[in-house]
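Read the structure below first, then the notes.
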């Protein structure tokens, strides 16, 4: 009591005296900054006794900092976790409270200020408000507020294809541009193995990726590309898509068609002044359907004829629509473009002549030549200029020949027997104007039958021990050899030395039985020789099957097992080997002849040729065939054609047809399953993947009809579901708020504007017979400019997205018009009235206060007229 107290802090001394109870207090009069301070206290009693005490304190006047994250991620405003872990950093040992949604959570930060709270109630999909409050040990507090968005869905990746190719997933370049649709703002990662590129999907949802050089390895015929889409909330989906590459130039040929080649075959001379050119386009990797999508253009005499069709066998034909001048050489170029744009060209010439001659058709005795005959007294025929005098020089004689006065045709029969060999002739023509034309030709007389030998390669004592049957023999050079065996007919040609051979597909043969055959050789003149024989394939029976193929009804073997199992039956204890994808597998048949081989390596999706070979002793047999590995079903899409218009909204289609027919392209022979308004329909795609389905009746009134579509391919894979909407709208578009404005002093530049259905096409027809068009925006607003100072009226056609149309006639006002609101034009349709004595029908809508009126008239039901006066 009454002790003297001294406080030493921050270099200052403060004093006080304890009261009668020993209590004291000392205010620090100097302001201290935030921080840690040591202090020292001494107490001195009245009797001189002393006591000491020391400690420290902290001055903290600042509100605590707050940091806040979701699940440890840098972005703290969006998540796809319904009950996220909330973490943050503040001052040590502070009290943290969070209110988010309808829930409140509390915790205390640790010694370094870290804190975490696991939410226990699911956030609502969408925006969730939160408040974080922190109170530190000094009582300072901080509050922060914000929002957390819960997003657990992502728009699918759709419409992935090549941008500038004639085919969606086939290209002729390894640096194409790929496009598709996804979720705005999502990150899209495009990968091939370890190579990847990332882009952000724009707000329009439509993205493009220009493939850089080296991303797709040159020389590949197919490439699977992975597309992974991840939105800011962390939702993702992925697609693996197979693309095909065709880079070989197509082979192309051209020549005169047989009926246009009127001279010696192959001499390129024709007397047909509008000849037909024919040819063939081919490429080893292209299927018949792909070949059939090629196009030919022909340039001759300075004129180019484009878009000449090619059939599935590659054949094309084109008859010139104009006449060429006789007696000239015409050079021509044929340009071929295959279905993905690979090009090649062929250049040659033809010569026109009105004068020609050759063996008459009745004297052509062979099948493969029009210049050879076995007739020693043949008939020649041809054409000459009408009204001309014609002389033929042949076999050292000259004879006048009569020329038909209406067709120019002539014939001449040789009167002296000719020997075997080549015979030339010359035609000399003198026309009415005295001009002399000549034509030189030849033919061959051959009356000798060709020599012929025929046998089987490797045959011994009438037997062979493997199924590789090769017919061999010798005959006249270039003779046609026809082989008949087991009901089949096969042909080949002898080479320039007369040697010939023909390998027979082992699928055509049966082992362990005698097989008879006959061979006929015929030369160009039609003379024939025949040989016959037999052979016996003394070898092992073999059958091959795929245990898990999914295409039992198809001739092609397709499976979604990338490690298929091969099995079959052969002779017991035989050695069996399988070669596929350059890998070799082997096994041994059991005592009953059964064998089984399971692949050890997975096969990537592709079509493979395999060969199963069996050996026992000196006997061998084999079977070769193809198998397709298919583990992914590619989704199909509806084609925006015929009844639909989808150039505005992806996967949304407009139609004015109540029951439109849907078409699309998928994998060949896939089952198509369509659900629209909870009604399911099915169909099968054809061999080219084309499919067609007629829908159920749609909901009317510009109403969305939701659909989903998926496929089950031949391998049994089920594709992802593609969804969209079909909007049925059969109401013609109106034309409102029309204005006309002249923008220069001469009234030449005219601006027309107005309002109609959104995204409709506006077509303006002017007095100069020119058409101008534009498309209305999403609000239906449109504007067109034209230079037509003399126009008294404008014809406007409006075509909406569903294909509904309306037509309007706008009369030009005397002065600028700012805004005109036309009344609805009512059209009386008399097309279906059947009356030959129909009177004129007229209807008129009374003028509105804006001076707008509509008029319709018809005479015998054939005239429509809609007029809008301004």
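Backbone N, Cα and C atoms are what each Cβ position is placed from, and that goes for glycine too.
Feature annotation from TrEMBL assigns domain 'Bacterial Ig-like' to 10-61 (among others). Each residue of the domain 'Bacterial Ig-like' (10-61) gets a DSSP state, and the totals for helix, strand and coil are 0 helix, 26 strand, 26 coil.
In this model, the domain 'Bacterial Ig-like' (76-152) carries an average pLDDT of 89. According to TrEMBL, the feature domain 'Bacterial Ig-like' maps to 76-152 (among others).
DSSP states for the domain 'Bacterial Ig-like' (252-348), grouped as helix (H, G, I), strand (E, B) and coil, give 4 helix, 47 strand, 46 coil. Look at TrEMBL and you will find 252-348 (among others) tagged as domain 'Bacterial Ig-like'.
What TrEMBL lists as domain 'Bacterial Ig-like' is 358-447 (among others).
The helix, strand and coil residue counts that DSSP assigns across the domain 'Bacterial Ig-like' (551-631) are 0 helix, 48 strand, 33 coil. Per TrEMBL, the feature domain 'Bacterial Ig-like' maps to 551-631 (among others).
The domain 'Bacterial Ig-like' annotation in TrEMBL covers 643-729 (among others). Residue counts for the domain 'Bacterial Ig-like' (643-729) under DSSP, helix first, then strand, then coil, are 0 helix, 45 strand, 42 coil.
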